[in-house]
Amino acid sequence: MAALCTVRHRWKRLKCLQVFTRNLTGRYDYDLVVIGGGSGGLACSKEAAQLGQKVAVLDYVEPSAKGTKWGLGGTCVNVGCIPKKLMHQAALLGTAVKDAKKYGWQMPETLRHDWATMAEAVQNHVRSLNWGHRVQLQDKKVKYLNLKGSLLDEHTVRGLSKAGKETVLTAKNIVIATGGRPKYPTQIPGAVEHGITSDDVFWLKQSPGKTLVVGASYVALECAGFLTGIGLDTTVMVRSVALRGFDRQMAGLVTDYMEAYGTRFVWRSVPQRVDRLPSGTLQVTWSDTESGREHKDTYDSVLWAVGRAPETKTLGLDKLGVHLNQETGKIVVGPDESTSVPNVYAFGDIGEGRPELTPTAIKAGKLLAHRLAGQSTDLMNYDNVATTVFTPLEYGCVGLSEEEAERRRGKDGIEVFHAFYKPLEFTVAERDASQCYIKVICERGGDQKILGLHFTGPNAGEVIQGFSMSLQCGATYRHLLQTVGIHPTCAEEVVKIHITKRSGLDPTVTGC
């Protein structure tokens, strides 16, 4: 036994000596190890490899509470942006088919959507992206390890396989880009046992049927929108306000359109329990937050969209001393994505105060790779990042909301130009356009610098993308007036905008 203890002691000393020597000489297994194979982590790892760094990326997906699992690529590719946009497109096609009759197309009286066909096509595309990411990593000489990563120290990562096999890697720098996962309201009886989340809905083999979506985030409204669009009876339960953090007026237009579109909303209500009835349907009991009265209804599916939690708990960050925001669980990061521990960096959804947007993570990851390789000192600019909510009537925005602009500059310090317009394609189809709206928020004095731009209407993302660059360049209201529009488009209404809220004039666009 004494001999065994001596051997163990020597091994520990040898191990410490190896790490010490490695620290002195800079001889690590890798220049960079990235934990997280989502869009940001992959972008960072590939960029670093292109710059001559030796890179490894660890990615491991824990199955959802319902057992749903997927491949390389993270939330966006597998259970986020990509399948969401494709199912949104399926819903838009349903609306387009209805419009087609007005344009002379002879359509059958009844149309039926087949969930299984759509789901298989979407899932096959996602799998092709999974494979594409693996090929790209191989082509760029990035070592991909299907391991669950955690930190042992600021230069050492432990990877654990599904079978429990341990692999230890050392690196000059470690990057954490593990993102987040949907939350379950575990305090509600039956929520986990009978509910699903956005981690599951895109991988369902069969239609979710009559669905209750609990929550009013963009995830909730996007899912409810495409479910309604393909013909499913869909209800959204909202505790307080929809699209918290977005412009209040624009959020109201989005939900108004959805209600007219066929989505039901149960406002100021919170679920109390979910029970499975003998028939197999789910009975949801909820209460009205104002009256306290209790209500019940039955659904085939309950989709929880009540926020996301960062994937930080199993990373060993507490032992290492990485500073977390105790309320959110996210990692506190500096402007250069550094954490409180040297050589450990974090970005994307896991970073405190960072936008939870895929393109932001990709850009931040690439810039970080350049800094770590000593090729640049450029930092990520998190101001004026554009985004779009892919609801039935899309909502795109960049810059400040009217509320935030007013808070920063005062009511008399801003000028709000606005317009209600009707997309040309809505006219022949006789579609209601009362929620198609544009708002440009400017400084009131000087050159009237644009502080925020908001747009509801078809192809909102395509419209806002171009204008977002102009805000990066310091665009002013005068620049808008000097720009010639493309006719006939919805986007041209932005550069024609001229009526202010302050004037009290009718902002409805007339003529062509």
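Here, residue 1 is simply the first one shown, and the rest follow in order.
Each Cβ is built from the backbone N, Cα and C atoms, and glycine gets one as well.
No curator has checked TrEMBL annotations; they are predicted automatically.
Applying an 8 A CB threshold to same-chain residues 6+ apart, the list for HIS487 (active site, proton acceptor) reads CYS512. For HIS487, the entry in TrEMBL reads active site, proton acceptor.
The FAD binding site annotation in TrEMBL covers LYS85, GLY149, ASP349. The Cβ of ASP349 (FAD binding site) lies under 8 Å from the Cβ of THR75, GLY179, GLY180, ARG308, PRO310, GLU356, ALA361, each of which sits 6+ residues away along the same chain.
Residues or ranges marked as NAD(+) binding site in TrEMBL: GLY215, ALA216, SER217, TYR218, VAL219, ALA220, LEU221, GLU222, GLY307.
Within the same chain, the residues at least 6 positions away from CYS76 (disulfide bond) whose Cβ sits under 8 Å from its Cβ are GLY38, SER39, ILE82, THR358, listed in sequence order. Feature annotation from TrEMBL assigns disulfide bond to CYS76-CYS81.
The domain 'FAD/NAD(P)-binding' annotation in TrEMBL covers 30-365.
Residues or ranges marked as domain 'Pyridine nucleotide-disulphide oxidoreductase dimerisation' by TrEMBL: 385-496.
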Residue pair LEU221 (NAD(+) binding site), LYS85 (FAD binding site) - Cα distance, angstrom, rounded: 13
Among CYS81, VAL219, LEU221, the most crowded of the recorded positions [Cβ within 10 Å]: LEU221
Greatest inter-residue Cα distance in Å for the NAD(+)-binding set GLY215, ALA216, SER217, TYR218, VAL219, ALA220, LEU221, GLU222, GLY307: 14
CYS81 (disulfide bond) versus SER217 (NAD(+) binding site) - Cα distance in angstrom: 14
Tally of residues which DSSP labels helix, strand or coil - the domain 'Pyridine nucleotide-disulphide oxidoreductase dimerisation' (385-496): 39 helix, 31 strand, 42 coil
Long-range Cβ environment of GLY215 (NAD(+) binding site), under 8 Å and at least 6 residues apart: VAL236, MET237, VAL238, TRP304, ALA305, VAL306, GLY307
